[in-house]
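Colleague: Next up is a structure, given as structure tokens.
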Amino acid sequence: MHIHSIKLPLVELKNINVVFEQKKALQNINLTLYPNSIITIVGPNGGGKSTLLKVLLKLLPPTSGQVIYHKNLRIGYVPQKIHLDHSLPITVERFLSLKKGISRQAIQDALSLLSISHLHKNSLQKLSGGEMQRVLLARAILNKPNLLVLDEPTQGVDINGQAELYQLIQQTQQQLNCAILMVSHDLNIVMADTNEVLCINQHICCAGTPETVSNDPTFIHFFGDQFAKNVALYTHKHNHKHDIHGDICCTSDFQSQQCTHKE
């Protein structure tokens, strides 16, 4: 059965907890990814966004909880950054060919889809930030994934190139008919196309569709009202709340006068 024929989940994360040296990095995370969906993860620095991606990518085992993968799942991953050894120059084509089991035609197709065929003989070390991100995206789609995981995909890209890169990501998603899970701080650009937004600060503080977020104070408290009309969320009950810096500002026993969160 083809993975897109019915709406079976691609990945399910159930009650994921991650603890580092008795400090909770993730707490009770539940997330289900379906075919063709676009989910954007936002949250303060140190809130656990990258940790969540590592758990999903099997780079980090959760302390507790379960990750369930569809048996035909293929994941493509674009990291936030990649370390290049400038003493060992390598061309774009050679870099892409390092991925096992990939044909030259698949490499050419990926470069063509991202409009960077002209870069195939260029040295990886001499690429601009935008060119490098396109190459990393090309590498991620070589196996024609049905889930594309992007960690800050516009890292190192100037502001003029960010909107163009996001448009390219959307076009790639449509061409491959894949789902996207993306960590991003460029909320004013990505929110228009995302199906769901998750705001994470160790736990899921808020989540939902972009159309229903406009006046919710929780998201505004984190990111400001300039993004509010593009993001949706729900609020949930727990025994603490966070201020704009991610610190606990009030509990069920003590309500800070400055806290704008709702029970």
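Residue positions begin at 1 at the first shown residue.
Cβ atoms here come from the backbone N, Cα and C positions, even for glycine.
Taken from Swiss-Prot, the feature ATP binding site covers Gly43, Pro44, Asn45, Gly46, Gly47, Gly48, Lys49, Ser50. Marked as domain 'ABC transporter' by Swiss-Prot: 11-226.
Help me understand the surroundings of these features in the structure.
Modeller: Its Cβ taken as reference, Gly47 (ATP binding site) is surrounded by 22 other Cβ atoms within 10 Å in the chains shown.
Model confidence over the domain 'ABC transporter' (11-226) is summarised by a mean pLDDT of 88.
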Colleague: Going by DSSP, is Asn45 (ATP binding site) sitting in a helix, a strand, or coil?
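Modeller: The residue in question, Asn45 (ATP binding site), is coil (DSSP, three-state).
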Colleague: Give the number of CB atoms, excluding that of Lys49 (ATP binding site) itself, located within 10 Å of its CB.
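Modeller: Lys49 (ATP binding site) is surrounded by 24 other Cβ atoms within 10 Å.
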